[in-house]
Amino acid sequence: MIWHVQNENFILDSTRIFMKAFHLLLFQGSSIFPECILIFGLILLLMIDSTSDQKDRPWFYFISSTSLVISITALLFRWREEPIISFSGNFQTNNFNEIFQFLILLCSTLCIPLSVEYIECTEMAITEFLLFVLTATLGGMFLCGANDLITIFVAPECFSLCSYLLSGYTKRDLRSNEATMKYLLMGGASSSILVHGFSWLYGSSGGEIELQEIVNGLINTQMYNSPGISIALISITVGLGFKLSPAPFHQWTPDVYEGSPTPVVAFLSVTSKVAASASATRILDIPFYFSSNEWHLLLEILAILSMILGNLLAITQTSMKRMLAYSSIGQIGYVIIGIIVGDSNDGYASMITYMLFYISMNLGTFACIVLFGLRTGTDNIRDYAGLYTKDPFLALSLALCLLSLGGLPPLAGFFGKLYLFWCGWQAGLYLLVSIGLLTSVLSIYYYLKIIKLLMTGRNQEITPYVRNYRRSPLRSNNSIELSMTVCVIASTIPGISMNPILAIAQDTLF
């Protein structure tokens, strides 16, 4: 009799929970419609994988890419709508969040074509790879719209877990296994530190978890200048630091870049920074409104260390992927300038514009590395010598992307940095901008060193890898070259038509 009553109570409770979830999706599901499209794509992938054989691989790529494109379309149709807070305050939809969601979807859409030939050559499981990429994208999108501490913690964990699995996807590679272990341990430690900071915020605000309610709670409890808030600020900055990977929280980055599969590195190098930047902007700007001077100082220190150490250490690298790892550390220092400037002086607009260009520059570079690695089997910078004599298109594409990363005019990277530094200068960040200019000049040195190797025609300098260089006969080659071409064009053309891009960013945000 007791068991029967308990069973009935369980059924009633389950029914109530299901009905509440259905009610939320029915009346507030429009706020997460792009995310729902990705979830539908994930379910469809699983269904097709369980009922088909390996001959249906093209369908897996088609479903993944189509769900991403439809999600982007749904996001664009919702552009410039009024801000919406849904799901009992857990999720917020506004122009600022949607821009970052668009950038994450764009990254994933460009990364999938980079993976086609690599997966075929390495014989990796295609379905699981695409599932992890789409799930990580989903976690990044939810993180951009997260409006409470619980969602801000769960969403990046969804992204991080998929990132750990992707970085160790080539299980037979010892370097990949080592990279995964370091990434997992560092990520777990950073998450625990982040939660520790959240607990101080939660307690100091009187038990509030929504970002704006935390501010009101701190005012009511008069704890906004307490030591607990300082502890929360330091803990959250450290936790977010491991996600953004500025110096000195960059220890995992070079090893993960070098050991992980190259398409995975391309994906992580941009999506993780976009999602973490969106999260850092909201967490620091809203709950720590009364401690703006303190977190500005912390971020200034991180930006200076990142720009100097990242570019100095990149000079000494012999591996292309390790060089790009240290270069990305320097790049995040530039992005932090936009976070510090904030709403005033178009700081956010300059940061978003530079991130858009960084996506095209970085993914274009990685597309070239994927092609060269598949055709030669090496990642050593020295082995790129003389590539222009064998494959002029690949060599020129890589050279353009590297020059754009360095910030040479009239490429997109130059105008992105110019706008970012100009906004920083107007906000009074003279030291940061000066260091940014000097380190940008320094970065041009090691990029030009690689370009010099690419263009060399001396036989004694050309390595056996380039002498035996052969184009791959696989048709899937076209998808990598298509993605590479799109990124190269995006890295050069926007420099000529900069004003419309800036106008769109400013009009959307303000």
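Even glycines carry a Cβ here, placed using N, Cα and C.
Among the features that Swiss-Prot reports, transmembrane segment is placed at 24-44 (among others), with the record citing sequence analysis.
Taken from Swiss-Prot, the feature transmembrane segment covers 59-79 (among others), and the record attributes it to sequence analysis.
Per Swiss-Prot, transmembrane segment is recorded for 99-119 (among others), and the stated evidence type is sequence analysis.
The feature transmembrane segment is assigned by Swiss-Prot to 124-144 (among others).
Taken from Swiss-Prot, the feature transmembrane segment covers 149-169 (among others).
Only residues 6 or more beyond the boundaries of the transmembrane segment (183-203), in the same chain, are considered here, and those with a CB under 8 A from a CB of the stretch are 149, 152-153, 156-157, 160, 163-164, 167, 209, 214, 228-229, 231-243, 249, 251-252, 255-256, 287. For 183-203 (among others), the entry in Swiss-Prot reads transmembrane segment.
The annotation transmembrane segment is assigned in Swiss-Prot to 229-249 (among others).
Residues or ranges marked as transmembrane segment by Swiss-Prot on the basis of sequence analysis: 295-315 (among others). For the transmembrane segment (295-315), the list of distant contacts is 233-234, 237, 241, 246-250, 284, 288, 323, 326-334, 336-337, 339-340, 429, 431-432, 435-436, 439, 442-443, 445-446: same-chain residues at least six beyond its ends, Cβ to Cβ under 8 Å.
What Swiss-Prot records for 323-343 (among others) is transmembrane segment. If you look at the transmembrane segment (323-343), the same-chain residues 6 or more away from its ends with a CB under 8 A from one of its CBs are 244-247, 250, 253-254, 256-258, 265, 269, 273, 277, 280-281, 284-285, 296, 299-300, 302-307, 309-311, 313-314, 317, 350-352, 354-355, 358, 362, 365-366, 369, 381, 405, 417, 420-421, 423-424, 427, 429, 432-433, 436, 439, 443, 446, 450, 510.
Residues or ranges marked as transmembrane segment by Swiss-Prot on the basis of sequence analysis: 354-374 (among others).
When Cβ-Cβ distances below 8 Å are used as the criterion, the transmembrane segment (395-415) is approached by residues 327, 331, 357-358, 360-362, 364-365, 367-369, 372, 384, 387-388, 440, 443-444, 447-448, 450-451, 454-455, 484-485, 487-488, 490-496, 498 of the same chain, each at least six residues removed from its ends. Summarising the annotation, Swiss-Prot assigns transmembrane segment to 395-415 (among others).
According to Swiss-Prot, the transmembrane segment annotation covers 418-438 (among others).
Below 8 angstroms of C-beta separation, residues 33-35, 37-38, 40-42, 44-45, 48-49, 52, 93, 95, 98, 101-102, 105-106, 108-109, 112-113, 116, 126-127, 130, 133-134, 137, 479, 508 of the same chain, each at least six residues beyond the ends of the transmembrane segment (59-79), sit close to that stretch. Long-range contacts of the transmembrane segment (418-438) within its own chain (CB-CB distance under 8 A, at least 6 residues past either end) are made by residues 300, 303-304, 307-308, 333-334, 337-338, 340-341, 344-347, 349-351, 353-354, 498, 502. Distant neighbours of the transmembrane segment (124-144): 32, 34-35, 38-39, 41-42, 45-46, 49, 57, 60-61, 64, 67-68, 91, 97-98, 100-101, 104-105, 107-108, 111-112, 115, 118, 151-152, 154-160, 162-163, 165-166, 169-170, 261, 267, 271-272, 274-275, 278-279; these residues of the same chain sit at least 6 beyond its ends, with a Cβ under 8 Å from one of its Cβ atoms. Distant neighbours of the transmembrane segment (149-169): 90-91, 124, 129, 132-133, 135-136, 138-140, 142-143, 176-177, 179-180, 183-184, 187, 191, 194-195, 198, 201-202, 209, 211, 214, 243, 256, 259-261, 264, 267-268, 271-272, 275-276, 279, 283; these residues of the same chain sit at least 6 beyond its ends, with a Cβ under 8 Å from one of its Cβ atoms.
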